[in-house]
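The annotation domain 'Anoctamin transmembrane' is assigned in TrEMBL to 89-515. Positions annotated as transmembrane segment by TrEMBL: 97-126, 132-150, 203-226, 246-266, 289-310, 322-344, 390-413, 480-502.
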Amino acid sequence: MKVTLSALDTYESSFTPLVVIELAQDVKEETKEWLKNRIIAKKKDGVRRLLTSGIVIQVFPLHDNEALKKLEDTWYTRLALKYQPIDNIRGYFGETIALYFGFLEYFTFALIPMAVIGLPYYLFVWEDYDKYVIFASFNLIWSTVILEVWKRGCANMTYRWGTLVMKRQFEEPRPGFHGVLGVNSITGREEPLYPSYKRQLRIYLVSLPFVCLCLYFSLYVMMIYFDLEIWALGLHENSGSEWTSVLLYVPSIIYAIVIEIMNRLYRYAAEFLTSWENHRLESAYQNHLILKVLVFNFLNCFASLFYIAFVLKDMKLLRQSLATLLITSQILNQIVESLLPYWLQKKHGVRVKRKVQALKADIDATLYEQVILEKEMGTYMGTFDDYLELFLQFGYVSLFSCVYPLAAAFAVLNNFTEVNSDALKMCRVFKRPFSEPSASIGVWQLAFETMSVISVVTNCALIGMSPQVNAVFPESKTDLILIVVAVEHALLALKFILAFAIPDKPRHIQVKLARLEFESLEALKQQQMKLAAENLKEESRVSGKEKET
């Protein structure tokens, strides 16, 4: 896009723009004037329509360099073990991003007890699976308690921010929604209309078969990985050398890299398909996208582990695969999500500075440099990928805890660096996103709770398969299965009892919300009584005039 300076040198030097709107090259002056009038009149649908039509390429708020510098100084520039300035993050980026960093910090500290307890199990009682019953039981209680306690902490934060109780707002059509122009029967407004049956046909005849095909391909790649494992094991048994013992880890490392590549490629395909389904609301779009991505990522990341655990029943290979997948995925995520984009952004910044220095125009060079630099920054697509990374990490830690207790320790080490790398990318890699109010982490709370339920079944089955437990029932496998199922049901019941016993909101917040509701009802009651009194007074006045006449 050709950059012009007219927009920058026609204003006084004291003017500080808050939002940048990038237009297409061939936009007419009449369109620019119409858009300006819509913005002045505070008509929100103007920009949305232009984004849909491609006239407006992007809209983004500029970073406030002074406020950003203050935030960075208290956040990540000084490496130290400290709490994040969550309220300052909320003040600059909004509640949605602040809640993610709050959850990341909380989850990291919640992993520390698992890491501390798992370390001695790893060092001293590695092969005694019967002793892991205590560790697995602690894991199951831990996974329930931390999620319930998070709800309470989240309620504390959002109440302080004023977003705990948000009125549901009517959703406008998302920018990518298209259809035949008509009148909405609910709002009476003119907007694109698209038949629901067409959307359902696209979902069930195209999207669903495509997702199933991707799941099949993921399983096919998994079987290739097992062929590589057999080849590496055979090579090691034949030679027994040092380099072949190292070679045993190569198939798992390659498979972990392939998993990350497949996850990212599938994400692009899922976004394209969900956009093609043409959902009217952003919430519907996000729900369908999350469902597609979660199903594929869960199968792609954990199918091999379930196969090793319950089909091959090879606990040594399970430990090796789990450790390799966890560590490799964490290293790749740090490089791809933060370090590489930051390096590319630094290179782009150097080119922009040289371009600005070469200009002879009488403009505010600092402002021009900031606009051009941030225009080329990546767009932050929301907290989806960040929560997904934590969700998969939670699965690695909780699903097979009795086999690899050291997983929590690696997760803690990763998350301490994740806090700083995510802060870096928010401040220096991506454009500043528009702030969005939130009352919770939304559907991800349900996703984590579902994973904790699956972990109960997985850990009970693994304990039931251990040689020590099988030795108690040498002849009757039916009794063993019945006892394992009974224990699993008992633990699930305990999880639900704990979830019910721990209130989602602290008592003092419940009292404040109840008082607020009472005061609102009292104010409404007083207003109604005042209105009724005024109506009665008006009726008496009219009746008095009628009697006089």
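Cβ coordinates are placed from backbone N, Cα and C, and glycine is handled just like the others.
Each of 132-150, 203-226, 322-344, 390-413 was scored by its Cβ pairs under 8 Å to the transmembrane segment (289-310), and the highest score goes to 203-226. Note: the stretches the transmembrane segment (480-502) and the transmembrane segment (132-150) are in contact (3+ CB pairs below 8 A, sequence gap of 6 or more).
Residues 251-252, 254-255, 258, 262, 266, 269-270, 273-274, 276-277, 288, 292, 295-296, 299-300, 303-304, 307 of the same chain lie 6 or more positions beyond the ends of the transmembrane segment (203-226) yet place their CB under 8 Å from a CB of it. Sequence-distant neighbours of the transmembrane segment (97-126) (same chain, 6+ residues past either end, Cβ-Cβ under 8 Å): 83-84, 86-87, 89-90, 132, 135, 138-139, 142, 146, 149-150, 153-154, 157-158, 161, 383, 386-387, 390, 394, 397, 401, 404-409, 411-412, 415-416, 418-419, 422-423, 426, 433, 435, 438, 440-441.
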